[in-house]
C-alpha cells in the first residue's frame, strides 16, 4: 500500500463519523426543502440549532459522564451576547442603558456576534467550571442546575442590560436552514476532534474509572474543566445562532423546557457517542412533529383522525420511557456510525486470531 | 511536559533484556547492575514508607510500617487477609494519605501527593480488581496512561502496542476491555501501568484467582520487569511458592505491623512468620 493511499485511508477513517453525520443532516435539509412545507423551514432550522446545543452538552456530559442541567444557561448567555452585539443601536441606547460603549454604539454582523457568544459562553463555563469540577457525580449535576437558575434570575432582572422581563427585540433574523446547517457541521467537527484527542481519551477513561484514571497520570479536574469550557463555548454559539433565528429574546426561552428537551434528546439518542447526540435530536424532533400533526388532525381513507390536545407531551413521555426501558444506553448505545473503513493500525492489529465473542459486545474486526 | 524523558524512555523500552554483560547468568540481576545498565538517566532513588500509620476512625489498618522498594528488585509483600497490604500500597501510590509517617521518593517527601502526581513521579500500580476502563478498547486503556504522561496520540498508540505486545495481549488490542478473560485483563492492567516505564511498579495480587500454570506465566513477566524496564517491583501475592521463587526480598505484614523482612529463606525461618502466616502445620 503506497504512502499516499494509506494516508488517504487514514483520513477517511478519521473523517468518517463527522462526514456521515453532516451528510445525514444535509440530506434532511435537502429533503425538507424539496417538500417545501410551509413551517418546514422553521422546524428544520430550530432542529439544527438544537443539534448544536445537544452536541455542546455532549462534549462535556458524554465524555466526562457527568450530566449537566445547566448548559441552557450558557445558551442564554450566548444568545444575549449576540443580542447586545446585533441589536439596533437606537433601541439599545433607549432600553439597554447599562451596555458598554463598544456594544451600545455599534452593530456587529452575525458571524462576529456569534463568535462573541461562543467566547462569552466559554469564559462563563470556565469560571463556573472551576467551582463544579471540585464536585463529582450527582452533586456536580445539581450544581449545574443551580447555575441555570442563577443565570435565569440574573438575566430576568438585570433591566439595564437584558431588558429584564420585557423582550430584547430587533436582532436581525438572518438564520435559516443552511446557516444553521453550517453551524451544526462546525459543532460536529469540533466535538469529534475533541473526542478523538488525548483530552477526550483521558476524560472517557475517568468516566469509566476515576481511580484508575488518576493512577494513569490523568489530571481529572483539569480535563473536566477544559471539556466544560469547550462545551460552554459550543452551547454559547448555539445561543447566538438562535438569537439570529428568533430575532427576539426573552429569558423564559432559555429555561426548564429547553433544558429538559435537550437532555432528553441526548439521553434518548445515547449519551455515549456523538452519533447518539445527533440521532437523538433527529428522532425527538420527528416524534414531536408527527404528534403535532396528529393533534392538528389528519385524514386517512376518508376518516379524519385527531389526537386530543396534549397528546404531544404524553406521547413523547411514553416513547421516552419505552426507549429507556428497552435501550437504557440510548438508541445508539454508545456506538458511532458503523464505519466501512478498518480501524487504526489494521495490518498489525488484525494479524492475530479473531477474538471470540463474549456478550457479543466486542468491536467486530473488519477485513 | 511533553518532552520529559521521551528519549530516555524510548531508549529504555527498546533495550533488550539480553544485553547484560556476559557472565551474568542469574536471571534476576542484582539491583545495582540493572539500574546502571538500563536507567543511567535516573538517579538511583528508593521508594520508601517511613513509619506510616493509617487509622480509619480510630481503627488502625497499619501501624508504624517501614518499607523500602529499590529499583531493579522484586520485593514481595505478604501477610494474611486484613494485614494491611493494600492499604500500604494505597499509601505508596497516593490513594491513601497516611495518618502518620512519610512517603519518600529518594530525598523527596511525596506524602499527600495525588495519585496522578505519584504516577508522573514514576510510581505506578495495578489494582486487585483490575479496574480497566471497561467501555474502552484494550489499546485505549493503555494509551490513556501514555497520553496522561504527556505523549502525543500517535506516540501513545505506538508505545501502548509495544507494551501489549510484550505481555502477549496485542491480539486483543481492538477488543473492549470489559469483555476480556480474567487472565488477559490482568496483563492489560500491567501494560497500562508499565507503558512509559515507571521507576516503581506496585502490583496488588496480579495473579489472584489464577491456576498454577497461569500464575507461573504471569510471574514470568513480572520477574522480567526489573531487568527490562529498570524499575523496582513490589508484589503482593498469596501464593507462597510464587513469592519464594520470584522475590529477592520479602516483607511480612500481620495485623497492620511489619513482623519480618529479609530474603525468602530467612523469612521462612522466622518463628513469627510461621505462626502468623504460614501456619503451625
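Cβ coordinates come from backbone N, Cα and C, glycine included.
What TrEMBL lists as transmembrane segment is A:12-36 (among others).
As annotated by TrEMBL, transmembrane segment applies to A:42-61 (among others).
Outside the transmembrane segment (A:106-128), and at least 6 residues removed from its termini, the chain residues within Cβ reach (under 8 Å) are 70, 73-75, 77-79, 81-82, 84-89, 147, 172, 174-175, 179, 183, 225, 228-237, 239-241, 243-244. The transmembrane segment annotation in TrEMBL covers A:106-128 (among others).
According to TrEMBL, the transmembrane segment annotation covers A:135-155 (among others).
Summarising the annotation, TrEMBL assigns transmembrane segment to A:175-194 (among others).
The feature transmembrane segment is assigned by TrEMBL to A:225-246 (among others).
Sequence-distant neighbours of the transmembrane segment (A:258-288) (same chain, 6+ residues past either end, Cβ-Cβ under 8 Å): 17-18, 21, 24-25, 28, 43, 47, 50-51, 53-55, 57-58, 61-62, 67, 69, 71-72, 75, 148, 188, 191-192, 195, 312, 315-316, 319-320, 323-324, 327, 329-337. Residues annotated as transmembrane segment in TrEMBL: A:258-288 (among others).
The region 'Disordered' annotation in TrEMBL covers A:346-367.
Sequence annotations record features per position, and here TrEMBL assigns compositional bias 'Basic and acidic residues' to A:353-367.
By the Cβ criterion (under 8 Å, sequence separation of 6 or more), the transmembrane segment (A:225-246) is in contact with the transmembrane segment (A:42-61), since 3+ such pairs are found.
Highest Cβ pair count under 8 Å relative to the transmembrane segment (A:42-61), across stretches A:12-36, A:135-155, A:175-194: A:175-194. With a threshold of 8 Å between CB atoms, the same-chain residues lying at least 6 positions outside the transmembrane segment (A:135-155) that come near it are 66-73, 76-77, 80, 128, 162, 210, 251, 254-255, 259.
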